[in-house]
Amino acid sequence: MLLAALLWASVGAGLASTSDSGRFAAAMGGGLGTSVLITGNSTLISPNQTFEIGFFTLDGGSRWYFGIWYASIPIRTYVWVANRDSPVGGGFTPATVRMTAEGFMTVRDDAGRDLWRTDNSEPAGAARLLDTGNLVLLSGDGEGRVVWESFDHPADTWLPGLSVSRRRIITSWRSPVDPSRGPYSLRLKPPNYGEFELIYENGVLSPITYWSTGNWTGDRFTGVPEMTVPYIYTFRFDKPFTPDASFVYSEAPSALVILRPFLTRFVVDSSGELRQYTWSAQSSSWNMFWSRPEDLCGVYARCGDMGLCREEGLRPCDCLPGFAPADPVSWNSDDFTGGCRIDEAGGGGGGDDHCGAGDLREKPSELKELGPMSFDGASTVSFPSPSRGSCEDSCLRNCSCRGLNYNPETKRCRNLYGNLFNLRNSTSAPTLYLRTSLGGSSSSSQSGSKPRGGEWKTVALSVGSVCVLLALAAAAALVWTLLRIGKRETRRPKTATAARGEEEEDDDIPATANLRVFTYKELSTATKEFSEELGHGGFGAVFRGELPDSSLVAVKRLDRPGGGDREFRAEVRTIGSIQHVNLVRLRGFCSDDPHRLLVYEYMPRGPLSAYLSRKRRQQPQREELFLRWEERWRVAVGTARGIAYLHEECRDCIVHCDIKPENILLDGDFTAKVSDFGLAKLIGRDFSRVLATMRGTWGYVAPEWISGVAITAKADVYSYGMTLMELIGGRRNVETAAAEEEEEDGEKWFFPPWAARQVVEGNVASVVDPQLAGDYDVRQAERAALVAVWCIQDQETNRPTMGQVVKILEGTVEVTSPPLPQLLQALVSGDSFRRAASHASTSPGDDDDDNYSEEDSEISVVNGR
């Protein structure tokens, strides 16, 4: 058949053939019958050549799919699949995409069967692939109305411009090589439709929510604090909390797109995570920009039935000893949802299905002790039991019982039934006893026969050998126990190394001798049941507490749904082993599952952010919320010293990754203490960069991190510069000014671009907090303002190191006037991207930060007098 595509020169949008550089829309032919749109290897490309549509295969050719992928990048990345549940099999060439005489688009195999078709309510006359990645069918009446669109039927990818509603649900692939519908979905949560949720649904269980965004507040979701400032993307939530709710995101009209990739996408991965990727032209790869849930083991059924979930390691899922993947092929393709079963090849004997015909004694089994383990799923039956033995008997007599927990203190037995998903080690969980089959179920003893003649000799030798081995094992165990007791007596009590007793081999919490390990009960008592909240951040709330020795502490409870473990470990590892006057001191922690708490020294004056809010400025009479210039200067220098210590004086360079006023605490003398190391990254001295998921706070994140490239310590320098701007101005960087305060061009809503221009033009006084009423050191203010602008330069190589910042602030070196950061200016002035690019420096990838020094810096540092 002829390729029924009419060239629409006047349209400039639609489908383009890979064999033809022209751009055209596929339209129905004038005759009766169907029109072939795509066949064989032919593909069609969107007008700006971003997206391409055609047939593809993932398994070498046995299954073919009709879908859309990115055409402008070297890595084939699929964003939509039409026939995801009905692939074309048994060959590819005869498969076609057609427009039927009735106006439907279909995928037809060589037998003439329609494997997929559109469900438009009126006939279509043309099809177009838009630059957004949306395939649309247009009415055939000449009006060009959209009668069907692929955005109404999303697969696993959420593209910019795709408005998600209650009928538009993003559903994962079955596996990385199988685009059929998987069990994980992102949807607006019914019946209120005011938040998003990730759900698990396998057709058997009711939908199970394992992560949610929290409710919409008008500008962000409560569980996604990163959305506070629309730094890169704009979000629009139409008619929230109604059945007609719809949520869409798009790229913000900002010059930051120069350093940021043009391509971005949200994906509900086959592993159950919601991930956002951005394309990095520098590395020619997709970089993960953001993901939830942060705890990989928080994804429901990620590792399937009887699968062991590990947050760290090459693979997130593993099988217990004596178990093997139920589906090895899928397991090797990173599809772990099939879980594990008893390893028959390893002597498990007949699988793990104990229910069936015949006497249960013909299928002998035992209960294996696995230690403290938590899990998802499973229904339980709890009842009194005088001993663990009787509890085990009750489970072994029931062929459906999978395992049990037994509490010797309460004498309660809990039998487990159904699927045990995401088994994971947990020191606070009860000991799990799992049912396994015994090998050799067809032995002669079990069949009722006795050993004959010479068999007695074999049996006797076997029994003797076993006895000898048991004696040796007992002796070895005794020696090992005595050595272990001896070691334990030499350790300090109640330290991180000893707190976990016999679980010391578990490295979830690093050994840190100078940290105290608290129980949850101790901290609950110290905080009066967590009644006095000091503040609330992205990973949990902070409460005031008093220890038995009358010392005050601040207790941070990590309680954000779906995350916190990673930040908890990072904080203990980072700040637990270092001390500096300008770093908050971590006194201890609690890791009683599921509780994660960190105990800090108490900072009576709270965070710096409390002194920068509009509310503070509207209450000038509250002197306790006003910082004099001397105090601001002390905070600026102290914060710089603390960060410089992390970067330059620790064994490994520590990049904080979240410098902002909320994470700078003040003691009674206004000494600054850098806090909250939950996002910190360690960079060995032999390396200069680290690739990290962008998880900082909007408004303080460096441009190169947004673009997805590996970051350096200069990312903290940028954040410090943004914070220093706020400290000088006595206000937040993003703030809607009152009408009488606004400039004519309205630029002061975003303080840094306006302030930077004033500083470069020599008008530092206009940037300083007017409530100081001129009572400040002019030279210090000028020095601080120049440093702030240098720190927020577009290119990381143009920024000083934190060591240089300290020297500049201390007056040991002088600094020249900085250039104007062009990207921030373009953000508020509306300059075109090309114009901003012409003023900006080269991209980060064109500079070599490894060779950066005072001498070759563009900061023009000279020796001071």
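Just so you know, glycine gets a Cβ as well, placed from its N, Cα and C.
These numbers come from a predicted model, not from an experiment.
What TrEMBL says about this protein:
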type	residues	note
BINDING	Lys556	ATP binding site
COMPBIAS	845-858	compositional bias 'Acidic residues'
DOMAIN	355-437	domain 'Apple'
DOMAIN	528-813	domain 'Protein kinase'
REGION	834-865	region 'Disordered'
SIGNAL	1-16	signal peptide
Within 10 Å of the Cβ of Lys556 (ATP binding site), how many other Cβ atoms can you find? Include all protein chains, please. 27
Across the domain 'Apple' (355-437), DSSP labelling yields 12 helix, 48 strand, 23 coil
Per-residue pLDDT averaged over the domain 'Apple' (355-437) comes to what? 84
Sort Lys556 (ATP binding site) into helix, strand or coil using the DSSP assignment. strand
